[in-house]
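Undergrad: Following this message is one structure expressed as structure tokens.
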Amino acid sequence: FTTSLLLGTTMTISSNHWIMAWAGLEINTLAILPMISKSHHPRAIEAATKYFLTQATASALLLFSSMINAWQTGQWDITQLTNPTSCLILTSAIAMKLGLVPFHFWFPEVLQGAPLTTGLLLSTLMKFPPITLLYMTSPSLNPTVLTFMAILSTALGGWMGLNQTQIRKILAFSSISHLGWMTIIISYNPKLTLLNFYLYALMTTATFLTLNSTKASKLSTLMTTWTKAPALNVALLLTLLSMAGLPPMTGFLPKFVIIQELTMHDMA
């Protein structure tokens, strides 16, 4: 399954043809499903079902948008997306794949039902192919729609995360919020989106692996982990502060650069 995941991701990020990109996304989805449901717990099965239905819908929309574009323009090149209807449908498809507001409902539920290591894959590796497609098609997409989705994602990710006690759900809303930052800058400077994604993936990986080794899944259990592994707990604290974007930490860099770039475009 891991090999299939890597194959699917590589196919999508290295393809120029819409059908190849779609096939890569499908391989990815089918490879992660057994990983989500491997515990055979009813919640894990529910998470896998929700994930499958959402991703299948998003893939169908992606194929539909590329077919409309091919029908109008006669070519299947990813970078040559010129039809406005196609652009709008593609934006919805990628937003659904990533879990951007208003298509975010599935993500916290799926992450809560999946094991921590699979949750890590869902938050990082599974977001990479859709972000690559967003990066490649960003000149064609409507900046107003993207900005609207991004602002909603950032705000909602922050607000909804306040109300949670389950760590995985908090991390899911954190992911939605970070995706908002990545989406708002994609039309103006796509390289900053990739920078933000790489740093986010790094911080999330550190957080998930720490939680996995301390076996913490609720905030109440996290309170007592410092007695078992004090050094690891300090590392987790610093990583969480970095994810929050506090100035001396790494996580502050992408937010600062994005705000600077938006100010240059009279957006902030």
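Cβ coordinates are placed from backbone N, Cα and C, and glycine is handled just like the others.
Please treat TrEMBL annotations as automatic predictions, because they have not gone through curation.
I grabbed these lines from TrEMBL:
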type     : residues : note
DOMAIN   : 15-263   : domain 'NADH:quinone oxidoreductase/Mrp antiporter transmembrane'
TRANSMEM : 17-36    : transmembrane segment
TRANSMEM : 48-68    : transmembrane segment
TRANSMEM : 88-107   : transmembrane segment
TRANSMEM : 144-163  : transmembrane segment
TRANSMEM : 170-188  : transmembrane segment
TRANSMEM : 194-211  : transmembrane segment
TRANSMEM : 231-249  : transmembrane segment
Undergrad: With Cβ distances under 8 Å as the criterion, find the stretch in 88-107, 170-188, 194-211 that has the most pairs with the transmembrane segment (48-68).
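TA: Comparing 88-107, 170-188, 194-211: 88-107 has the most Cβ pairs near the transmembrane segment (48-68).
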Undergrad: Should anything in the same chain at least six residues away from the transmembrane segment (170-188) have a Cβ under 8 Å from its Cβ atoms, list it; otherwise answer none.
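TA: The answer is 98-101, 104, 107-108, 111-112, 119, 123, 127, 131, 134-135, 138, 141, 143, 146-147, 149-158, 160-161, 164, 196-197, 200, 204, 207-208, 219, 243, 254-255, 258, 261-262, 265, 267.
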